[in-house]
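*Asks:* Sharing a structure, written as structure tokens. Questions coming.
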Amino acid sequence: MKVGVVGASGYVGGETLRLLVNHPNVEITMVTSRQHVGEYLHRVQPSLKGFTDLTFSELDYDKLTDKCDLVFTAVPHGTATEIVKALYDRGIKIIDLSADYRLHDQDAYDKWYGWEHPHPDYLNKSVFGVPELHREEIKKAQLVSCPGCMAVTSMLALAPLIRNNIIDTDHIVVDSKIGSSGAGSGSGTAHAMRAGVIRPYKPAKHRHTGEIEQELSEIAGKKIHVSMSPHAVDVVRGILCTNHTFMQKDMEEKELWKLYRQTYGEEKFVRLIRDKKGLYKFPDPKFLVGSNFCDIGFDLDEDNNRLIALSASDNLMKGAAGSAIQNMNVMCGFDEMDGLRYTPLTPV
């Protein structure tokens, strides 16, 4: 299958290409970048040297239509709206890695992004790209919108608890820690100001909250509100979500593990962490770098009736490019693990 990547110069575009060059069923036929037209891909993405001799092209819808069966859009938020619409109208399959088609309600974009979506009639054409929740819809989709990195990491831990009415849906608090690559590849804070930090950002109203609320509300069949507070930490890749919930059913630990096994036992990219010995007693993003896994665990605070659901992932993999490739595999009928059979890198 022939694929293109629009916006291939950033971290997410580069990670998507890293996975595509090793995919057994894919040929990369076109990559675009506004600022690097004519340059060899490996000069901007040095890790790809020796894997491809492609050069960056200008964005040209006719060429993309002629050369590609499927296109990944890895451009900044707000930029993808017109690109996705143009490709959709030409009948191309699209996997969008921006936030522009994640939310299905115009009012939600007004609330979380502060802008009016220019094509609200296209929002319901998009399928939210979490195969563990929407696999059958993704199989039939023309447009899949990949989730935000913190959103998918959190919701995979919370979804079984919501679906089975285990927790109080009025009191869910998500505490997220994320590495610096989550901020993108643009010039940012100097190393002296970024190194060693544990820095809150958007402790209220982070836009990924809207995705979590959308998906959990759909599962619950009622409106759910979530409190979410992210923190930037001194790692390059990785997310840890500490999801604080309060139980409305009496359940023992073994019953909760059974519930998670029933939900994710057949899933290729969800691992349940419950070791009593060793270093890895709870999910830890350090042991996920370079992989598409989301690791889930929990602990019980019986004194306060609190269930702490823990989840971790690599924000550039399960939180972005890995999910994109997984969605492509589902859309196109490939083995879901094609191009994603990577064990995590350790040590890092």
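Positions of Cβ are set from backbone N, Cα and C atoms, glycine also.
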*Asks:* Out of N315, N327, N329, which one does Swiss-Prot list together with S9, G10, Y11, V12 for NADP(+)?
*Replies:* N315
*Asks:* Including all protein chains shown, what's the count of other C-beta atoms within 10 A of the C-beta of C149 (active site)?
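*Replies:* Its Cβ shell of radius 10 Å holds 27 other Cβ atoms.
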*Asks:* Tell me the Cα distance separating C149 (active site) from S9 (NADP(+) binding site), rounded to the nearest angstrom.
*Replies:* 19
*Asks:* Given N315 (NADP(+) binding site) and C149 (active site), what distance in Å do their CA atoms have, once rounded to a whole number?
*Replies:* 5
*Asks:* Could you round the CA separation between G10 (NADP(+) binding site) and C149 (active site) to a whole angstrom and send it over?
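*Replies:* Pair distance, Cα basis, whole Å: 16 Å.
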*Asks:* What is the total of other Cβ atoms whose distance to the Cβ of V12 (NADP(+) binding site) is within 10 Å?
*Replies:* 26
*Asks:* For C149 (active site) and Y11 (NADP(+) binding site), what Cα-Cα distance in Å is obtained after rounding to a whole number?
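*Replies:* A Cα-Cα distance of 13 Å.
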